[in-house]
Each structure stands twice: as C-alpha cells, then as structure tokens.
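Asks: Please read through the structure below; I'll follow up with questions.
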C-alpha cells in the first residue's frame, strides 16, 4: 500500500511528465519484487492474486457499462460503433492470422485464445489521451467508449477460445465443451440481468420518493456490482459477463440520477487494479524472461501496431476521417487489465503451449504500459497542433 500512497501523493507532477499509474506501479512492483529487492513476496498461483484481479475487472466492467449508458445520451456512437463492430472482430482475426504465421508449431486453439486475450483495450494506460481537452472531444469519447465496452464484448469470445484450448489439452468431448460454454455465458447473463434490474429498479423507486440519501447512492451501485459478481459465481456463470450485463441493465432502468453513484465503484475498481499492477511488475519478468523469443517480441510489437491499426483503418474507411486521426486512434489501443486477468484465468485453467501464450501476453502488456504511457504526452501535443484548425464534426 505504501507504493499506492506514494503514487497518490505524486500523481500530479508524474502525470504531467507522462508517467501513468500503471507504469509507475508496475515499475515499483518490479523494483520491490523478487527480481531486484525481494521485498514483495507474491505468487502468481496465489488465489488471492487471482481474486483481486477478477474483482478489479468486474467493478471496472460494471462501472464502465453503467457510465457509458449515460454517456451515450450525450454523444454520437458512430465512431465507437465502428470500432467495436468492425474493428474489434477484425483485430481478433488479424491476431489469429499473424499468430499462425509467427507461431506455426503452436496449436490453433492457443493462437485463437491469444488473439482474443489481446483484443480488448485499456484507456487507463493512456489516460491523458481520453482526459486532455487538447484532444478533440469526439476522438476522446470514441477511445473512452471503445475501451469501456470492448473488454465486455470480448469476454464471450475469450470464454469460447478458452474452452476450446482447455478441451484440446484435456481431450474433452465437444458436447462437454459446448455445455460448459453455455453454462458460463447463460448464467452470467442471468446473474447480471437479475442484479442490474433489481438494483436499478430499487434505486429508481427509492430515489423518486426521496428515500435514498446522497452518500448511499454510490454504495447501492457498488453493492449491485458485487451482487452480480456473487450471483454469477453461485450459479456457475461468468462473473465478467454478469458485471458487464449488470451495468448495462442498471443504467437502463435506474434513471439519470444514478450516474452520481458511479465514482465509488469506479474508484474501488481502480484501487484493486493498482494492486494488480504492482503484482504484475513484481511477477511478470521473473516468470517470462526465460521464455522470451524473437517470435514473442515480434508478435507483441505487431499486436500493438498493425494488428490494431489496420482494423481501425478499415473501420473508418470511406468515412472521410483524416489519416492523422486514424493513426492516433489506431495507436492508442493499449493492452492492460482485461488482457492480464484473461492471462491469469488461462494460466489457472491450463492451455496447450501455455508458456508461449502467457509470455506473449505479458510482453505485450509490458510494452504497452511503457510505450503508450511515455508516448501519450508528446503525441497528444503533436495531435493538438494538427487538429487546432480541424472541425469537430468529422463524419
């Protein structure tokens, strides 16, 4: 916790110098971890580590889904829709194609899993890009909405890929694989809808009658997110699907006043994510350094560039979007918490060529934390200089 306290105290000056929370926390974890000072004793197989990571993603998924429901009323969804419905599937397909070429000896099921794990983006790794008014509002909004929704949309694809890869490892029959997938997705949807609708309707009912005190709005929303998580685990469903669907359901039925309740859930998820980033720094390099190959580095580099940028360019094709904006949006698709949590789950379940998959994900995230964090300040400044004379309403 001392590391988080130090970041909190120095967050202003560090942020102005382009040092993101993830970069500072991961670097601190590396310094105090077993690779250097040996102060932090963390095991990747620890159930506590996995539960904290899962809960962090659950709270972020829920708050993002709830927040973006309200945001959709104020902004057009044209660009985010193209990024999510065209860019995201194409990113997965590109990841599979490149993976087959770079890792010819790795099972196709594992390549499929790798591509789905690295498809979601995490705007928090380049927070300045989505918060700095120097970036055009529409660009900031598009990146924020894409990041908020694509991890939730990627979850079903990840679950399917994980079941296929795990089945190949354990030689399970296809009927068992399908049954498990349907169970996780179906009960996840059920738990999320039940919690989101119940919490949202209760909030709306109490708020209209003036029963709910302002300080308890945030507690109600956080409790609804935890209820979705608990219901999903109890029913045997996916907690991530439950959180995402629960957030959408809560936002749909709770009324506009519920948006004031989001910060506590968002900040609690952010605090847990901070712990995860420290653990990532402490563990990552110790685990993967012996397994890093030129193929891993090549795939990680392409994942952050062409595998992301070409689908973004295709998504915007024919829309008259300037190439500078396409490149800017294409570059700022960092890989972060969702990919890391997916990797922990895959490690726990077991997949063919798991070392290659885990190493590639960790190296990609590490490069993303470093490159997207350090590039945000200069690239925002450069993009601002170009965009000053550009209209906001690019189609």
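Going from the start of the chain as shown, residues are counted 1 onward.
Every residue gets a Cβ built from N, Cα and C, even glycine.
Okay, these came from TrEMBL:
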- 11-381: domain 'Cation/H+ exchanger transmembrane' (DOMAIN)
- 21-40: transmembrane segment (TRANSMEM)
- 52-70: transmembrane segment (TRANSMEM)
- 82-115: transmembrane segment (TRANSMEM)
- 185-205: transmembrane segment (TRANSMEM)
- 226-250: transmembrane segment (TRANSMEM)
- 270-289: transmembrane segment (TRANSMEM)
- 296-317: transmembrane segment (TRANSMEM)
- 323-345: transmembrane segment (TRANSMEM)
- 357-383: transmembrane segment (TRANSMEM)
Asks: Determine whether the transmembrane segment (296-317) and the transmembrane segment (185-205) share at least three Cβ pairs under 8 Å, counting only pairs 6 or more apart in sequence.
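Replies: They do not touch: fewer than three Cβ pairs between the two stretches lie under 8 Å.
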Asks: With a cut-off of 8 Å between Cβ atoms, can you find at least three pairs linking the transmembrane segment (226-250) to the transmembrane segment (82-115)? Only pairs 6 or more residues apart in sequence count.
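Replies: Contact absent: fewer than 3 Cβ pairs fall under 8 Å.
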Asks: For the transmembrane segment (82-115), name the stretch out of 52-70, 270-289, 323-345, 357-383 with the most CB-CB pairs under 8 Å.
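Replies: Stretch with maximum Cβ contacts: 357-383.
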